[in-house]
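The annotation domain 'ABC transmembrane type-1' is assigned in TrEMBL to B:135-352. Marked as transmembrane segment by TrEMBL: B:12-35, B:47-67, B:79-98, B:139-160, B:172-194, B:228-250, B:271-296, B:329-351.
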């Protein structure tokens with residue numbers, strides 16, 4: 001048997017390895033968050049990790065060379081000679097670095113390494129992505145550039161208008177169905193339920209082309225109603241299955257005594273079953289909510305990118321396509337879309353985990 | 001006298017049976033038209049849409065139930081179940097079951113769905129360069145993605161179980177699951193970002209440069225490894241899922257079994273392979289199949305990161321491109337059916353599981 005010392009050492013090892021993994025897992029999100037608050041010029045000039053304390057060259061002194069210095073000849077600076085190219089890249093001597101501050105004005109920076117961190121932060125990026133107006137920003141080379149806002153606040157509300165009904169409707173429909181499957185007897189019950197289980201993992205691509213054709217002829221493309229129906233149908237198998245497992249486990253006496261009192265199935269369902277299923281409903285609601293909120297494929301195909309209806313994921317995807325290098329906008333936009341899922345996740349983690357454990361296969 | 005009363009009653013029943021559903025459809029359609037054409041402030045529209053979505057569905061059930069309540073008891077008991085499952089069955093039929101059959105049908109027709117071409121589309125899936133590449137990449141995704149998610153998930157679950165900060169660690173690893181693939185795409189695009197010549201602001205290239213290497217355009221230049229850089233994103237997002245489920249399974253292993261093994265002198269490695277793995281094998285299987293099914297349909301990441309360029313296409317992105325860029329419904333449908341065929345074993349497993357657990 002190993003001694004207590006061995007145990008303690010192995011615990012220390014476990015903690016270290018796990019901590020390293022956690023740091024690796026967190027760094028990508030952290031980089032996004034930090035970058036989204038940095039000015040556009042800074043993001044393109046230095047890595048976001050420069051906001052952490054690090055050793056870097058700091059200018060301690062500026063030298064003014066004679067204005068008529070010939071840059072094509074070796075240049076003499078404080079006793080030594082360097083070429084123009086060396087000074088452009090920065091040349092190190094005795095722990096000091098010489099580099100052009102302004103080549104045309106012939107000023108040279110004398111720099112020393114010291115501890116520093118960048119602390120220029122701004123909320124300009126968020127203002128730009130949320131609003132729809134035009135903004136002007138400064139680029140790394142000092143020039144200014146105007147850019148149009150991305151209208152993310154509108155997309156945010158569109159996403160709410162898509163997501164909340166696309167969560168409530170399927171849960172309503174599925175709970176009614178689950179109640180019928182669990183406690184009512186009718187012909188075709190078993191066959192229908194087997195079909196629902198089979199549909200659990202059917203990839204939704206298999207349904208897209210025909211639905212698209214139906215929607216086009218019904219005029220449902222690009223409408224909230226159309227995408228609610230689509231999300232409802234795609235979510236129904238899992239939600240029905242999940243609610244069935246929960247509702248079928250309620251005690252039978254409950255129903256019998258309610259029937260004795262003359263309650264109808266509708267009253268039993270809305271007064272008895274729904275209140276008793278709140279934990280299950282919460283779990284599966286979070287699941288469906290996050291699924292719809294984060295969805296890209298279904299909104300890409302049925303909702304499209306008209307500003308009146310486009311959801312957050314579409315908006316960001318368009319930004320990635322049209323402004324792929326504007327990291328100040330992309331990072332802020334991505335973080336705006338993450339706000340709601342992260343809030344739901346941290347506030348209701350318990351229910352989310354329970355939903356995952358209950359059933360996680362989905363087409 | 002009594003005959004006439006019941007005759008009048010029957011007429012009334014027939015009337016409301018026809019009228020109420022029709023009225024429902026009419027009311028919802030009018031609201032739908034209002035929403036489509038009204039020009040409202042987005043916040044007002046969002047609130048109204050939410051109210052309509054939630055109240056509308058309740059109203060439909062309430063009114064239909066009211067109709068059924070008018071029937072005599074004997075009939076009521078027979079009809080009510082169909083009112084309860086009706087909307088679910090109609091929606092599933094219209095938007096999942098029937099479309100699947102139609103897609104299967106379309107997969108035997110040409111690009112414009114006009115001429116029957118037999119199995120030509122299926123032959124193309126295994127010969128057309130683009131489609132074969134999509135299949136190859138999807139296999140890469142399924143193999144490496146699933147293996148890494150399950151492996152890392154299991155490792156982290158075991159480490160977390162023995163660590164001093166289990167909750168915090170699990171929350172951090174699990175967090176990426178909550179965000180969208182689109183947002184994750186932006187996060188990782190930034191990490192892989194490559195600027196020619198200048199200072200590298202992408203984390204990966206900065207690390208490579210600081211180690212004395214040459215910066216690379218990871219997503220476009222280094223084929224076929226660029227696929228692996230995309231798969232890393234899946235691993236980052238889905239490991240948390242595997243970990244949470246494994247963690248619950250590991251905690252359900254009775255302590256006395258583990259204790260007995262330790263008393264008998266079994267090492268941690270031995271305990272892992274001889275006790276834990278057999279004990280959680282069911283969970284292992286279901287997590288693996290879930291991630292495989294998920295990975296088969298992978299779409300968002302590839303679409304955001306590369307749009308399927310630089311030989312990173314997978315079946316789902318190729319499906320999208322065939323459908324919307326090449327207007328080829330035949331190839332598109334066939335690719336969708338290929339995905340469906342790939343999940344059939346999982347459907348069989350699920351049905352068997354359901355029957356084993358008692359079914360009905």
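Every residue gets a Cβ built from N, Cα and C, even glycine.
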* Tally Cβ pairs under 8 Å between the transmembrane segment (B:228-250) and each listed stretch (B:47-67, B:79-98, B:139-160, B:271-296), then give the stretch with the top tally. => B:139-160
* Structure fact -> Spatial neighbours of the transmembrane segment (B:12-35) not adjacent in sequence (6+ beyond its ends, CB under 8 Å) are 45, 48-49, 52, 56, 59-60, 63-64, 66-67, 70-71
* So which of B:47-67, B:139-160, B:172-194, B:329-351 is most in touch with the transmembrane segment (B:79-98), counting Cβ pairs under 8 Å? -> B:47-67
* Asked: By Cβ distance under 8 Å, which residues at least 6 away from the ends of the transmembrane segment (B:172-194) in the same chain are close to it?
  -> 156, 160, 200-205, 215-219, 229, 232-233, 236-241, 243-244, 300-301, 304-305
* To do: Please give the sequence-distant neighbours of the transmembrane segment (B:139-160): residues at least 6 beyond its ends with Cβ less than 8 Å from one of its Cβ atoms.
  => 166, 169-170, 173, 224, 227-228, 231, 234-235, 238-247, 250, 272, 276, 284, 287-288, 291-292, 295-296, 298, 314
